[in-house]
Amino acid sequence: MLNQSEKPVVGPLHKAGGADSQKLSVATKFKGQLFQLMQRLESTTPHFIRCIKPNNFQSPGSYEQGLVLQQLRCCGVLEVVRISRSGYPTRMPHQKFAKRYGFLLLENAALQDSLSVSVAILHQFNILPEMYQVGYTKLFFRTGQIGILEDTRNRTLHGILRVQSCFRGHQARRHFKELQRGIATLQSFVRGDKTRKEYAVLLQRHRAAVIIQKQIKGMNAKKTFKNIRDASIVIQSAIRGWSVRRCSGDIGFKSGVPKADEPDEVLVKSSFLAELQRRVLKAEAALREKEEENDILHQRLLQYENRWSEYELKMKSMEEVWQKQMRSLQSSLSIAKKSLAVDESERSSDASINTSDDREYCWDTGNNLKVPESNGLRPMSAGLSVISRLAEEFEQRSQVFGDDAKFLVEVKSGQVDASLNPDRELRRLKQMFETWKKDYATRLRETKVVLNKLGSEDGALDKVKKKFWGRRNS
């Protein structure tokens, strides 16, 4: 301190001018040093290191509990700890607290401010109000409260990491299985292609081997067949020569010179004569059987001819019946035409007279009665058209049925070749003719009924006209 007092003091303590500025008191020097200490403390972050002796003997591995406790009490460490525990030693800004523990909230707090998030965290974990204080920028906690939050945060992070690890493991396993399936598919394709190629080579080799075997077997078979055929020819020639020699030994000419007028006589063995007689008898029996079969076929031919004549008679009778029915239908149709023509001529003659009377009647009476202009001509024309259509249909159907019957008769007689059964076709044609005849008769009756109705309506109209003329004359 004496050495420092000899140096000039720099700062607010230095007084400009005067001889007393070089002489400072102890209190002034102490204040200057204290001021410098405070400036240094404010500009730096102080740390204190306290050394505690475990024993007085300075020997390793020895610990004296009383000595250490006395040193802690003398140094004031226990008092500092007590003061720190009685206050709020843990201090943390709202932004840091919300960023560190905000994910522990059950609700989404992304849109809230940091102060609200901090208060929500404190309320969620049921921290007592006397264990913390909320400031404008920081949170003040008593000893041990941050440890609870840290433990909860560590457990939550551990759970999240476990879930993430399980999910990533699941994704990795799924990706691995997909890759494994893809690899197996590719391997199956490659192995299949390789196997098909190998099979094609083996099949080609097999076919080549089969062709070679076929050629070799064919050659062996040809050689064997040729040997057998040559041996058979040799054996046959030997047997035939022996048989000829045996037979020629039994046949011979008479000894001596034959006479000029006597024919050559050949001596034949009795066994050959018996064989010839047996063959003759067998041929006669076969001839008799053929004659019997010929008689049976002749009888069947006669039966078929009789049936054919019966079919021809039936066809002729059916044609006569059809012609009679056609003539009857034609006669009824001609009568209907004549009756319609007569009615049309009468009505057309009366049409010119009745039209003027009808018009006068309508104008004179002034009623709402309306008479048709044609006055029966239109129904008559309709009836004539119906009759003409029926006649055309009759002519067409008669021509068609006649042509079909003629064709079937020619097929039956054999004049025309056709792959069909004439009897069945005739029955079917007869059924069609009967059905058409019934339908045609029904339509003809309906036409007659319609014409009768038209005639009755014309008669009623004539009666009305007569009544009108009677009233007018009266």
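Even glycines carry a Cβ here, placed using N, Cα and C.
Residues annotated as domain 'Myosin motor' in TrEMBL: 1-154.
Counting residue by residue with DSSP, the region 'Actin-binding' (34-56) contains 10 helix, 0 strand, 13 coil. Here TrEMBL flags 34-56 as region 'Actin-binding'.
According to TrEMBL, the coiled coil annotation covers 273-307.
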**Asked** For the region 'Actin-binding' (34-56), what's the model's average pLDDT?
**Response** 87
**Item:** Long-range neighbours of the coiled coil (273-307), counting only residues six or more past its ends (CB under 8 A)
**Value:** none
